[in-house]
Amino acid sequence: MFTTQNSHRLPSELEVMPFILRLMEFIGLWGPPGQIVRFLAAFGWGTMIILFPKAVLGIGSDRFDAIAKGIAEFIFEGSLFVATAIFASKRIAFERLIDGLKEIFQRATNGPHSNDCYDLLLRQNLSINKFVKGYTIYCCFGPFVFCVPSLAASHFRYWTHSGNQSEPLIFELPMEQEFYGLQIRTNFLHYHIFVLLSLFAYFVCAYFLLVKVSVHFIMIQYSSSTYRLVALRIRKMTESKEVTQSELVDIVELHRLAYRCSTLVEQICHLPLALEFLTCILFWCLTTFYVSNNIDFNLVNVMVLFWLSLLETFGYSYLGSKLTEQADEVGAAIYDLPWFEHSVELQRYYRLMLQRVQRPTGITGAKFFVVQLATFGSVVQMSYSYYLVLKEALTMI
């Protein structure tokens, strides 16, 4: 359990993900529990506009490239909504994690070598703020980028189409799907009703994606930073002339809290990350097939989703490797200590930390695989292999 220290309040520049918590509060994932109805309303809207029509009413096309695109879109949106729902169900664990991070930051900035710890946390928060702001801008413009190319192409066809032409007028859809009996591919009014309703649903998806990716990235990054703080305190302790028991006890407690935080991060992230890595294999395979066979307006939509998925998967892999490295760095810092020169009482505390660092620390996907850069490389290779198999199978039909 974590106990927040009220005697030392964190300065505003060291607060734990304040902007993201405000975004979560707006959608109902933070703040008063009753606000969860906002999340349920947004979740229901996205489901009824995007997921349900695709799953029940179908894609609405007999071309395999359009079917591949529609399935890829369903995989991307479906994994996003399921992962967000899983995260919403981890509310208690997330609150405990926030309390734990606050306590670690308070201890680190209110003890020995507090200036060094303050500088480390400040640089980290500045980097996080830059990433969040950039990703927010990307997600804000994403729905427009997703809709504008198909809308512009459809209007161009409509206003340049002659009524006596033998070929029927077909509108470009942002996503391949049917929509509750409306003739969204051939009827001008139905098409615009669909695009307008879909635009709001795409904003819901963008908001969910912003919260999901930012929260998971920041949680893993913060967990890595807690181990960096522990390693920093240990190395600074070796520079002092005398190691005191009180300082060592504080470091041991800081290490315990860091390990507890990484355990909570694993508890929150392991199912969404497993879903992301498993679905991205199929998603990348299908999008690669579509891109290799089509160069049209829909390519913009496909690439928007592809780069989002690629960034997310690589980010998890990079941060997972970084977390493991930082946790191992604590063990290296302990081994570098002249522990053999210290008393038996101090060696007992060293032994406690060494026992803890021997436990594997990192992020897994549903306990089946470790999320690290090597995993990302394996996923890329597997996706490309499946694409080659799919392409070869279709050429034989």
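A Cβ is built for glycine as well, from the same backbone N, Cα and C atoms used for every other residue.
Because TrEMBL annotations are produced automatically, they should be read as predictions rather than curated entries.
TrEMBL tags one of the stretches 135-156, 267-288 as transmembrane segment, and that stretch is 135-156. Looking at which of 135-156, 189-210, 368-389 has the most CB pairs under 8 Å to the transmembrane segment (297-319), the answer is the stretch 135-156. Through the fold, the transmembrane segment (189-210) approaches residues 23, 27, 42-43, 45-46, 49-50, 77, 80-81, 84, 135-136, 139-140, 142-143, 146-147, 150-151, 154, 171, 173-175, 179, 182-183, 308 of its own chain, all at least 6 residues removed from its boundaries and within a Cβ separation under 8 Å.
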